[in-house]
Amino acid sequence: MYSFMGGGLFCAWVGTILLVVATATDHWMQYRLSGSFAHQGLWRYCLGNKCFLQTESIAYWNATRAFMILSALCATSGIIMGVLAFAQQSTFTRLSRPFSAGIMFFASTLFVLLALAIYTGVTVSFLGRRFGDWRFSWSYILGWVALLMTFFAGIFYMCAYRMHECRRLSTPR
């Protein structure tokens, strides 16, 4: 059980760090504009060496930002529950901390999937046609890696929960 929780905690830490870095950085998309390279993130866009805040309130950016922030919050609360699961006493039979941590990591996975799906759909259908020579960049890719890490953290914690439940049910009372 503890090895599953340890693996889940490792995946959760890495996934949460990647979520925060992906959300905060400006390299979701790179493109060429007026002969010079440019890149943009969820909060700023940069032309050459100058960066500007994205002040326009565009729905897909707002949705992507919100889902990325929700994902990071769920992953952080999952880490807290996951750490507390190591100290779980047998008196807490109603609320299983490994199960709760797993649910939080799956919620984080869902939110980051929604954020990346929205960003991908709008970028490919609208921005990709507008800029011509463009590509997704490393911040965007970190988001996909974070999705995998939070998903596997959820899997590990659900396996730990299942293993604990099987042991609890098999011991005589």
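Glycine residues also receive a Cβ, built from the backbone N, Cα and C atoms like all the rest.
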Swiss-Prot: matching membrane side for PRO98 and ASP133: no
Fewest-neighbour residue among glycosylation sites, criterion Cβ within 10 Å, set TRP43, TRP61: TRP43
Most Cβ pairs under 8 Å with the transmembrane segment (4-24), selected from 67-87, 99-119, 141-161: 141-161
For the topological domain 'Extracellular' (120-140), the number of residues DSSP places in helix, strand and coil: 15 helix, 3 strand, 3 coil
Distance from TRP43 (C-linked glycosylation site) back to TRP61 (C-linked glycosylation site), taken between C-alpha atoms, in Å: 8
